[in-house]
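Below is one structure; the comments refer to it alone.
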Amino acid sequence: MNPYILSIFLLGLGLGTTITFMSSHWLLAWMGLEINTLAIIPLMAQHHHPRSVEASTKYFLTQATAAAIILFASSTNAWITGQWGINELSHPMSSTIMMLGLALKIGMAPLHTWLPEVLQGLDLTTGLIMSTWQKLAPFSLLVQMNLNNSVMIFMAIMSTMVGGWGGLNQTQLRKILAYSSIAHIGWMTLVLQFSPPLTLITLMIYIFMTFSIFSLFKMNKTTSINSLATSWSKYPTITALTPLILLSLGGLPPLTGFGPKWMILSELTKQELNTIATITALSALLSLYFYLRLSYAMTLTLSPNTTPMTNQWRFNTKQPTIHLSISTTLSLMLLPLLPSIMAITN
């Protein structure tokens, strides 16, 4: 793609998200979501491959449906209450419909089925944008809505379960990361109505970890579990770091990913939701299983050595790695700072 055209689309992505961030009116927020959607579709279809065209078509239809639901919910609320403000969504029917529209936008269960199929048809760079940047605008609306709804808790629990169960039988890395995204969305929205700052901290840490793992897979040029076995001979340092980031995504201490899950379970027990906390903790074990499976495929499985040489040739990469160094450090070593960050945000 032409660099000038690419920069225009990336500016459109930033503009749409910024408009949604700054808006207090539902029509302006809806406009920002639409700009965001229209800016990423050419990036998804830029490779002119049948899979990417199919993925962009599915994404467009899904997001158009979600935008129509959001517009219908905001219009219904304005018709009943006379208010267009985002934090004035007071009618129960309008708030429930709005929550379903935003859940379809970000891929919460049971409205999640489009996300693995769309992500599988994209390259890793566009998939990274889909898994991180595209979540920011809908989450900003969810935080502003001040929901107190049992439907959201039910959808959050279902997302953590579906994200764990769905990734067990997958061999494609992009589908595994899609189910990981669904599970993390469930963790974030579960605690949203009790502690919005904790939701934002969890989203920030999820973005760091997802950025790191997508960048590592892109540098390694791997899209399936089978191709992970050849990574040791190409990038031994990356092969050593990737399992740690995967275990951080799974929430193992003392890595960064343990902090948000620990604080979310602590908040749920403070709210006397012990059953829900137990279910989500058990669902984290399902996700941890396929993270361990990927770690096993990278570190303990060696590819067949078909060459007479002991070591394969390793070429120096031309890609910049400073962003990867920063995100990997944050993904692995941020745990001691989380209590201070939580104290500042509260």
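Positions of Cβ are set from backbone N, Cα and C atoms, glycine also.
Automated prediction, rather than curation, is the source of TrEMBL annotations.
What TrEMBL records for 23-286 is domain 'NADH:quinone oxidoreductase/Mrp antiporter transmembrane'.
According to TrEMBL, the transmembrane segment annotation covers 57-80 (among others). Outside the transmembrane segment (57-80) by six or more residues, the chain places 26-27, 30, 33-34, 37, 40-41, 44, 88-91, 93-95, 97-98, 100-102, 104-105, 114, 117-118, 121 with a CB less than 8 A from a CB of the stretch.
Here TrEMBL flags 151-169 (among others) as transmembrane segment.
Within its own chain, the transmembrane segment (176-194) has Cβ neighbours under 8 Å at 106-109, 112, 115-116, 119-120, 127, 131, 135, 139, 142-143, 146-149, 152-153, 155-164, 166-167, 170, 202-203, 206, 210, 213-214, 249, 260-261, 264, 267-268, 271, 276, 280, 283-284, 287, 290-291, 294, counting only residues six or more beyond its boundaries. Residues annotated as transmembrane segment in TrEMBL: 176-194 (among others).
The transmembrane segment annotation in TrEMBL covers 200-217 (among others). If one looks beyond the transmembrane segment (200-217) by at least 6 residues along the same chain, the residues whose Cβ comes under 8 Å of a Cβ in the stretch are 124-125, 127-128, 131-132, 135-136, 139, 143, 173, 177, 180-181, 184, 187-188, 191, 223, 238, 241-242, 245-246, 248-249, 256-257, 259-260, 263-264, 323-324, 327-328, 330-331, 334, 338, 341-342, 345.
Annotation source TrEMBL lists transmembrane segment at 238-255 (among others).
Feature annotation from TrEMBL assigns transmembrane segment to 275-292 (among others). Here the transmembrane segment (275-292) has long-range neighbours at 153, 157, 160-161, 163-165, 167-168, 170, 176, 179-180, 183, 186-187, 190, 246-247, 249-252, 261, 264-265, 268-269, meaning same-chain residues at least 6 beyond its ends whose C-beta is under 8 angstroms from one of its own.
According to TrEMBL, the feature domain 'NADH dehydrogenase subunit 2 C-terminal' maps to 288-341.
Taken from TrEMBL, the feature transmembrane segment covers 322-344 (among others).
The transmembrane segment (238-255) and the transmembrane segment (151-169) are not in contact, since fewer than 3 Cβ pairs between them lie under 8 Å (pairs 6 or more apart in sequence). Per-residue confidence over the domain 'NADH dehydrogenase subunit 2 C-terminal' (288-341) averages 73 (mean pLDDT, predicted model).
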